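Written below as structure tokens is the structure these notes are about.
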């Protein structure tokens, strides 16, 4: 089978009328995710008092949520609505790149947020000298370019493989599943996949240990300082844990052979990392940060009046 062909999503077969229920839920979920994340982006962009590193990084998370879900939901909704569940080889590689780069971006941004909070709490007097606008811009650029290059090269390695099958037992294009359909040696892809997993997932997660150091510092500080630190750090910790658990489920699931676990459970676990965080993030930040909450209320009231 050549590479200029199509893949078929087998999990959409024989869904019957329930596919319209899934389609309706998908549309609602996608619209809610886009709406709340765009509100976060606008709130940070339009409010001058929110032009601070922590809020800028929060807006980066929302931008990434829009990016990732846009690479997933439109294709999913199309497959649910129509009877033909096929996707071209090239389009499949592009979707795989978008979804995996979304996951890598999420972790690198969360890493930067952990670093930002650590500096703010551990060295408050030197914070403005360390986290300058130029330095923050550089960190954000690196956080976007680094995963793009690593994930992009992985997609190129997959593109060179000759496929012997075209049946994907997923609801989106999964790079490892595509590689397993190859009929040529793909040890290079496996080794590179492990390298990418380590550099783009486990290294950023190591920076999440900054929150442990922050909690230790808080225990030695005054009650007022501790309360303020908890107020800014706990939402970040919740988001980090939420995404880490979701991503762990996806990584674990990808190592199972099709049929080893129930299909329904497999679908839920595989979708958690791309559906739940974009939905939860704006809610957590919108509710816990007064500056963002106040600006969002203003935007909603302004829109209602118009």
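Positions of Cβ are set from backbone N, Cα and C atoms, glycine also.
Note: TrEMBL annotation is automatic and uncurated.
Taken straight from TrEMBL:
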DOMAIN    36-285  domain 'G-protein coupled receptors family 1 profile'
TRANSMEM  20-46  transmembrane segment
TRANSMEM  53-73  transmembrane segment
TRANSMEM  93-115  transmembrane segment
TRANSMEM  135-157  transmembrane segment
TRANSMEM  191-212  transmembrane segment
TRANSMEM  233-253  transmembrane segment
TRANSMEM  265-287  transmembrane segment
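Touching of the transmembrane segment (265-287) and the transmembrane segment (135-157) is ruled out by the presence of fewer than three CB pairs under 8 A, sequence neighbours closer than 6 excluded. When the stretches 20-46, 53-73, 93-115 are ranked by Cβ pairs under 8 Å to the transmembrane segment (135-157), first place goes to 93-115. Long-range neighbours of the transmembrane segment (93-115) within the same chain, counting only residues 6 or more positions beyond its ends whose Cβ lies under 8 Å from a Cβ of the stretch, are 54, 57-58, 60-61, 64, 67-68, 70-72, 75, 87, 139-140, 143-144, 146-148, 150-152, 154-155, 158-159, 172-175, 178, 196, 200-201, 204-205, 207-208, 210-211, 236, 239-240, 243, 247, 250, 273-274, 277.
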